[in-house]
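Quick notes on the structure that follows.
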Amino acid sequence: MRVYLVGGAVRDRLLNFPVKERDWVVVGGTSEALLSLGYQQVGKDFPVFLHPQTHEEYALARTERKSGLGYTGFTCYAAPDVTLEDDLQRRDLTVNAIAQTPTGELVDPYHGVDDLNNRILRHVSDAFSEDPLRVLRVARFAARFAHLGFTIASETQALMSNMAINGELSVLTPERVWKETEKALASPSPQVFFQVLRDCGALAVLFPEIDNLFGVPAPEKWHPEIDTGIHTLMVLKVATELTDEVDSRFAALCHDLGKGLTPPEQWPHHYGHGPAGVKLVDQLCQRLRVPNSARDLAKLAAQYHDLVHTVTQLRPKTLLKLFDAVDAWRKPQRIEQLIIISEADARGRTGFENTPYPQGDCLRQAFKVASQVQVKNIVDSGLRGADIGHELRRQRQHALAQWKQQDDTAQDNTVT
């Protein structure tokens with residue numbers, strides 16, 4: 001038996017990335033031989049084993065033949081006569097089809113090292129088109145490695161487009177689509193993921209709510225980039241610079257979905273797009289089975305991002321309504337999340353990328369002031385039942401009114 005390190009571990013080492021997990025392929029071996037050495041079989045559809053000490057995955061070299069629909073319709077053949085080259089040929093991209101011997105020598109029959117050096121994502125063979133999940137995987141790798149200058153080979157792009165046109169993506173389950181999307185949102189350049197999907201036609205199939213934003217104009221005075229789809233990806237890019245949270249990045253992506261519903265005769269204005277967008281966020285999240293935390297934040301972002309932009313003009317009563325609506329008293333982190341999303345919205349415009357966002361500090365301070373009103377003091381005063389809530393709101397509103405008055409006075413004193 002011969003053992004080789006394969007896949008992402010080899011690729012990431014060559015890119016000087018930290019290797020998080022290692023996968024191995026066993027050539028010339030059998031299930032019986034590995035079991036006799038103490039390996040534990042875990043693969044149901046193909047022979048994958050866990051090493052008895054390291055618990056790393058070891059898979060018998062195998063080939064795959066298309067036998068049905070989708071990414072699960074494959075017949076697997078694993079036997080001692082399957083070569084390393086055979087096994088590597090079934091992989092998606094040449095940069096993922098490089099093997100390494102235990103002594104560190106590279107086995108690279110499909111020129112993955114050249115593609116790594118040239119920053120190219122290229123499919124290994126035409127069998128790529130047999131697995132629709134690979135469209136999402138390539139888009140995700142493009143997002144992960146965009147900051148290094150990686151691009152997709154034109155012939156790979158053409159294959160992806162054909163797969164989208166031919167309806168291949170319709171067999172993807174919601175769970176797999178979201179899993180790849182979630183990984184892409186955690187990458188350094190998630191906006192690239194969605195741009196790649198749009199370029200090959202997959203965005204219209206998998207994320208029609210987002211695809212519908214492209215070609216929808218906004219007022220040039222406020223949006224020099226004009227196109228709402230372009231603005232959306234710009235917002236996602238800024239949000240990625242501001243936070244590592246997948247939920248916040250997803251919410252930034254969804255904040256303007258309602259603009260896709262605006263009748264063309266009303267363009268470039270989008271009155272009421274916030275509430276309209278909430279329904280589309282729900283629709284998208286139900287279809288892809290997005291986790292509740294991401295869904296709930298995205299709905300709040302769609303509903304309230306425009307209100308956050310006007311926070312310096314809001315009355316104390318309106319501020320309290322906002323805090324109540326986003327459940328900030330129980331989930332105070334939502335204030336910071338909404339600030340980040342709203343700042344990304346403001347800066348995700350051509351020419352506004354480095355513009356300060358003072359509304360963030362204003363909302364942050366307002367919530368701090370309102371939060372300093374203690375329920376315990378009200379209870380200790382002898383009030384009971386609903387009177388406690390009424391008094392709590394009154395005191396919070398009073399505290400905000402005093403703060404706004406002091407803030408206005410301070411600003412007046414700075415005027416010369």
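Including glycine, each Cβ sits where the backbone N, Cα and C put it.
What Swiss-Prot annotates here:
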type    : residues                           : note
BINDING : Gly8, Arg11, Arg91, Arg137, Arg140 : ATP binding site
BINDING : Gly8, Arg11, Arg91, Arg137, Arg140 : CTP binding site
BINDING : Glu21, Asp23                       : Mg(2+) binding site
DOMAIN  : 228-329                            : domain 'HD'
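According to DSSP, Arg91 (ATP binding site) is assigned to coil rather than to any helix or strand. Counting neighbouring Cβ atoms within 10 Å of each of the binding-site residues (Arg11, Arg91, Arg137, Arg140), the lowest count belongs to Arg137. A count of other CB atoms within 10 A of each Cβ picks out Asp23 as the most crowded of the binding-site residues Glu21, Asp23. Those same-chain residues not listed among Gly8, Arg11, Arg91, Arg137, Arg140 yet with C-beta within 8 angstroms of the centroid of the CTP site C-beta atoms are Gly7, Asp92, Leu93, Val95, Asn96, Phe141. Here the domain 'HD' (228-329) returns a mean pLDDT of 98 for the predicted model. The binding-site residues recorded for this entry are Arg91, Arg137, Arg140, and the Cα of Arg91 lies nearest to that of Asp23 (Mg(2+) binding site). In sequence order, Val19, Glu21, Asp23, Asn96 are the residues near Gly8 (ATP binding site), counting only same-chain partners six or more apart with C-beta under 8 A. DSSP states for the domain 'HD' (228-329), grouped as helix (H, G, I), strand (E, B) and coil, give 79 helix, 0 strand, 23 coil.
According to DSSP, Asp23 (Mg(2+) binding site) sits within a strand segment.
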